[in-house]
Amino acid sequence: GEPIRVLVTGAAGQIAYSLLYSIAKGDVFGKDQPLILVLLDITPVMTVLDGIVMELQDCALPLLREVIPTDKEEVAFKDLDVAILVGSMPRKEGMERKDLLQANAKIFKSQGAALDKYAKKTVKVVVVGNPANTNCLIASKSAPSIPKENFSCLTRLDHNRAKSQIALKLGVSANDVKNVIIWGNHSSTQYPDVTHAKVNVKGKEVGVYEAIKDDSWLKGDFILTVQQRGAAVIKARKLSSAMSAAKAICDHVRDIWFGTPAGEFVSMGVISDGNSYGVPEDLLYSFPVVIKDRTWKFVEGLPINDFSREKMNLTAKELIEEKETAVQFLSSA
């Protein structure tokens, strides 16, 4: 078959180091889909990229037709089928969240414009670099000729973290847990919701609340653990999540490409327009979705209790503030 063109930005970074091998060996687009990998990063790390290209060559992977390292947007974004935007300005000590927003607003405005100008109009764009939701919204707004629905941001890592915490608590496999939801922002205000989640216990599917029988844990420590897991990893490892982030990106992109399993939904940050959950329009907000024919749809009709409603509103409020800050920077730039 024809090779697809897949871009990974921040390609000299930690997450990409785990991610590129998985993509190149066929974990994401299937075992019979040839690939051209395009690696974008900033000029000072181009020699690092050369080393990564050598390693990818040395893996002798049958699907990998070509690897293109570059520091130029017009090369990186040309004719893309998929863009995985991992690279962003990381938060440094003493930086306020708004400083981070300002630095990244510039990057994602530029990359959005490059997508608009050079990529296929059918390109699927996944934003990983933080603040992921707002970066994704800026990229989408900067690429008016590409459908808004083609942009999503990663909350699958949080989704996987939630699944795993439930599985650990019950002593079952992570595969036995389905339909957890991450609502809102990929930040510590996100709401990991297991009200609608199911778990397979001894061959019988039951609700998570019913299986765990510990509401105070589910409404307290469970939520905090998922919300603060990224910080806990940094504290322990002195580096941010990379292996688990790369795995989540693979899950997210594979589900876009091949669809979600019957009876299951996943979480991803998508444009909130037309949702039935009272989330304000024009936000990039994480919802439960099902995917078919490379098109996602909101999971509709889930009842939302007062506890959930409050948490969902809180994270929406943060996203509105982030969006306003970012738009301010962009209009003054």
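Cβ atoms here come from the backbone N, Cα and C positions, even for glycine.
In TrEMBL, annotation is done automatically, which means it is predicted and not curated.
The annotation domain 'Lactate/malate dehydrogenase N-terminal' is assigned in TrEMBL to 5-151. Under the heading NAD(+) binding site, TrEMBL lists Asp41, Asn104, Val128, Gly129, Asn130. Summarising the annotation, TrEMBL assigns substrate binding site to Arg91, Arg97, Asn130, Arg161. As annotated by TrEMBL, domain 'Lactate/malate dehydrogenase C-terminal' applies to 155-329. The active site, proton acceptor annotation in TrEMBL covers His186.
Feature annotations (TrEMBL) mapped to structure.
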residue: Asp41; record: NAD(+) binding site; CB count, 10 Å: 23
residue: Arg91; record: substrate binding site; CB count, 10 Å: 16
residue: Arg97; record: substrate binding site; CB count, 10 Å: 15
residue: Asn104; record: NAD(+) binding site; CB count, 10 Å: 26
residue: Val128; record: NAD(+) binding site; CB count, 10 Å: 28
residue: Gly129; record: NAD(+) binding site; CB count, 10 Å: 25
residue: Asn130; record: NAD(+) binding site; CB count, 10 Å: 22
residue: Arg161; record: substrate binding site; CB count, 10 Å: 22
residue: His186; record: active site, proton acceptor; CB count, 10 Å: 29
Residues Arg91, Arg97, Asn130, Arg161 binding substrate per the record - widest CA separation, whole Å: 24
Binding residues Asp41, Asn104, Val128, Gly129, Asn130 (NAD(+)) - maximum C-alpha distance in whole Å: 16
Minimum Cα separation from Val128 (NAD(+) binding site), reported as the residue among recorded positions Arg97, Arg161, His186 that achieves it: His186
Rounded mean pLDDT for the residues that make up the domain 'Lactate/malate dehydrogenase N-terminal' (5-151): 96
Between the residue listed as 'active site, proton acceptor' and Asp41 (NAD(+) binding site): CA-CA distance (Å): 23
Subset of recorded positions (Arg91, Arg161, His186) lying within 10 A of Asn130 (NAD(+) binding site), CA to CA, in sequence order: Arg91, His186
Helix, strand and coil counts within the domain 'Lactate/malate dehydrogenase N-terminal' (5-151) (DSSP): 66 helix, 27 strand, 54 coil
